[in-house]
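For CYS145-CYS292, the entry in TrEMBL reads disulfide bond. Annotated signal peptide per TrEMBL: 1-17, in sequence order.
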Amino acid sequence: MHYLVLFILLCSGTLLSITLIDYYQHQRDGFLDSVQKSLQCRTLRERLVTMTTIKKVDIALFSQEVRELMNCPWRLNLTHRELYRTELWSCCNASDRLMVTRQNTNLNQSLSYEIHRWKKRKVDQALWEMLPQTVPWSKGSLSHCAVVGSGGILQNSSCGAEIDNADYVIRFNLAPINKSYDVGVKTDLITANPSQINKGYTDLQRNPGHLAEVLSFYGHADLLLPAFSSASGTAPCFKVYHALRKARPQQEVVFFHPDYLFELGRFWRHRGQRARRLSTGLMLASTALEICEQVHLYGFWPFPLDLSHNPLPHHYYDNVGPNRRMHTMPEEFLLLLQLHSQGALQLHVGPCTLIPTP
Ligand SMILES: *[C@@H]1O[C@H](CO)[C@@H](O)[C@H](O)[C@H]1NC(C)=O
Ligand SMILES: *[C@@H]1O[C@H](CO)[C@@H](O)[C@H](O)[C@H]1NC(C)=O
Ligand SMILES: *[C@@H]1O[C@H](CO)[C@@H](O)[C@H](O)[C@H]1NC(C)=O
Ligand SMILES: *[C@@H]1O[C@H](CO)[C@@H](O)[C@H](O)[C@H]1NC(C)=O
Ligand SMILES: *[C@@H]1O[C@H](CO)[C@@H](O)[C@H](O)[C@H]1NC(C)=O
C-alpha cells in the first residue's frame, strides 16, 4: 500500500518536473526570440534611418524590410517628435500661416506665389473678404490625427475604423469615402487641386450643384485649396469659393499660404528632398507633425505591388498615375519611413489589425 502511494507520488513528481522544465524552456525560448526580434528591429530601424536615397534599391527587398518593420512594435520617441515639431514650428509655423487669414495678411499687401516667387497677387478688398479670421488651431492643439493618402494600398485594408477613431482626419484631392470599411468617413480637412477642378467641374458658376453634392459627403470638413501656388491655379480656386458660397454657404473654403508651402519645401530640401515641389501628402503630414500630439499616416505607399507582391492600383479609388515630373514619391516615402523608424510619427502600410489603437 505504502509502496503504491510512494510510486504515485514519484510519478507525479517526475511529471511535474518534466512539465516545469518544458515550461521554462518555452519561456526561455520565447524570451530569446523576443530579444532576437527586438535586436533585429533595432538594426532594421538604424539601417533605414541612414539610407540617403531609394534609387538603385531593389524594391522587392525594400518591401520585405518594410514588412518586417511593420511587424516590429512602434514606440513614440518624445525626443524626436519634439525636435521635428519645434523645427517645423520655427521654419514654417502652420499654427500661424498654414492658410491665408486676416490675422497673417494685411489689406492691400501682396502675396508671392509659392512656385513662381516673383509673381505676386494683391490682397484687394474682394480677396480680403474671402479670408477667415485665423487658423483654427495652435501648435500641438490637436491630439490624435490621421493623414489619409490615396494610395492603392488602402484597398481591402480594413483601416476604416482605426481612421475614424482619430480626433482629426485629413484627406486629399476630394478622395471618395464610400469604401468606408477601408478608408473611414470622418473628414476634418480635405484638399482639391486646380487641375482636378478644371477637369471635373466645368462651368461652376452656372452649375455648382455637383461640387456642392460631392462636398456634402464630407460634412463639416474645411476645403483647403492651393490658390497661390502657381498663378494659373488662382482662378479655378476662386471659382470654387464663389460657387460654394452660394450653393453651400456653411462650407469653409480656405487657401494654403504660399509662404508656408515655400518654407516647407526649403525645410525638406535641406534635409535631402530633391523634387521640384513636395506632394500635398508630405505638406500636410508635416503640418500634422507640428500641430498634433500623435500622427498616423495611412495610404502612403508609392509602389505598384503591396507587401505580399500583389498588384495595386495607383489610388484606392482609381488607377490614374501621378505626375512624375513634379514629385518623387518614393523618396518622400523613404523620409516618412525614417520618421516612423525614429518614433516621430506612425506609418501604417498594409492591413490594419482589428484591435483599435488606444
Ligand atoms: C529616442 O531617440 C534617441 C536618439 O536616437 C535615443 O537616445 C533615446 O533613447 C530614444 N528614447 C526613447 C524613449 O526611446
Ligand atoms: C508662430 O505664430 C504664432 C502666432 O502668430 C506666434 O505667436 C509664434 O511666435 C510663431 N512661432 C514662431 C516660431 O515664429
Ligand atoms: C487699399 O487700397 C485701396 C485702393 O487702392 C484704398 O482705397 C484703400 O484705402 C487701401 N486700404 C488700406 C488699408 O491701405
Ligand atoms: C464611390 O465614389 C466614386 C467617386 O465619387 C464613384 O465613382 C463610385 O461609383 C462610388 N462607388 C460606389 C460603390 O458608390
Ligand atoms: C480587394 O478585394 C477585391 C474583392 O475581393 C478584389 O477584387 C481586389 O483585387 C482587391 N484589391 C487588392 C488591391 O487587393
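Keep in mind that glycine also has a Cβ here, set from the backbone N, Cα and C atoms.
Its Cβ placed at the centre, CYS292 (disulfide bond) has 26 other Cβ atoms within 10 Å. Its Cβ placed at the centre, CYS145 (disulfide bond) has 25 other Cβ atoms within 10 Å.
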